[in-house]
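*Asks:* According to Swiss-Prot, the protein has these features:
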type    : residues       : note
BINDING : MET50, GLY198  : substrate binding site
BINDING : ARG125, THR171 : ATP binding site
Amino acid sequence: MQVDLLSSAQSAHALHLFHQHSPLVHCMTNDVVQTFTANTLLALGASPAMVIETEEASQFAAIASALLINVGTLTQPRVQAMSAAVEQATRSQTPWTLDPVAVGALDYRRRFCVELLSHKPTAIRGNASEIMALAGVANGGRGVDTTDAAANAIPAAQTLARETGAIVVVTGEVDYVTDGHRIVGIHGGNPLMTKVVGTGCALSAVVAACCALPGDTLENIASACHWMKQAGERAVARSEGPGSFVPHFLDALWQLAQEVQA
């Protein structure tokens, strides 16, 4: 199994495209991470919109550059709104990304996510346990936390990618991005990133935005993982703990985006 690495030049090019196109991302995400997710997108140069009302979700999915579906705080009204948005995104050819939070631990959301797969997401982003559960390989995970190493989920990610046509991202100490054939590994980051709520969910929003960019979608998505890991490393160097990490992380994302424009 060959795992390719992303070059700094590829990452910088994708970030330049990101800033140039400034995708409008329709984020149907969970209650815990909305502010952090929006600020992450803004720091990189995208435009977030948190539209969750069923009557509006379908309409907005048609005009957004990309759609994110994150099932972290799932409710029946949100299921209806998310379904409407995904159906409209499919009709409008709006790229959409699925973040199957805790899908390995809870049956209701697993069934819902499996139903959504029939609408062919552009990308799927989850930890190892979530990706393996969604692929039908195993059920597991401790709530939103993974109990599996990312590398162990690569075969499941490849299968899921081939079956759905999505680019699948497995995040962990090393992130892996695959279209079912190619695999790109992204190293870096810091364990402190797991002590802050929302870094993975925010990454899913950035992945969604990258699906709207021109060029190689797999490389663009892998670049999103790289930016987040880079920013995490920079932020940790300036932080004293989780509380000071968040503002430094947002600053680091902003600085990365400014550097490619210089």
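Glycine residues also receive a Cβ, built from the backbone N, Cα and C atoms like all the rest.
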*Asks:* Comparing the binding-site residues ARG125, THR171, GLY198, which residue's C-beta has the most other C-beta atoms within 10 angstroms in this structure?
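*Replies:* Of the binding-site residues ARG125, THR171, GLY198, the highest Cβ count within 10 Å belongs to ARG125.
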*Asks:* Which ones in the same chain are close to MET50 (substrate binding site), with CB under 8 Å and 6+ residues apart in sequence?
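*Replies:* Same-chain residues close to MET50 (substrate binding site) (Cβ under 8 Å, separated by 6 or more) are CYS27, MET28, THR29, GLN34, ALA38.
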*Asks:* For GLY198 (substrate binding site), name the DSSP secondary structure in the helix/strand/coil scheme.
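*Replies:* Going by the DSSP assignment, GLY198 (substrate binding site) belongs to neither helix nor strand, so it counts as coil.
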*Asks:* Between THR171 (ATP binding site) and GLY198 (substrate binding site), what is the CA-CA distance rounded to a whole number of Å?
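*Replies:* On Cα coordinates alone, these residues lie 13 Å apart.
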*Asks:* Could you round the CA separation between GLY198 (substrate binding site) and ARG125 (ATP binding site) to a whole angstrom and send it over?
*Replies:* 13
*Asks:* So, in DSSP terms, is ARG125 (ATP binding site) helix, strand, or coil?
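*Replies:* Note: ARG125 (ATP binding site) is in a strand by DSSP.
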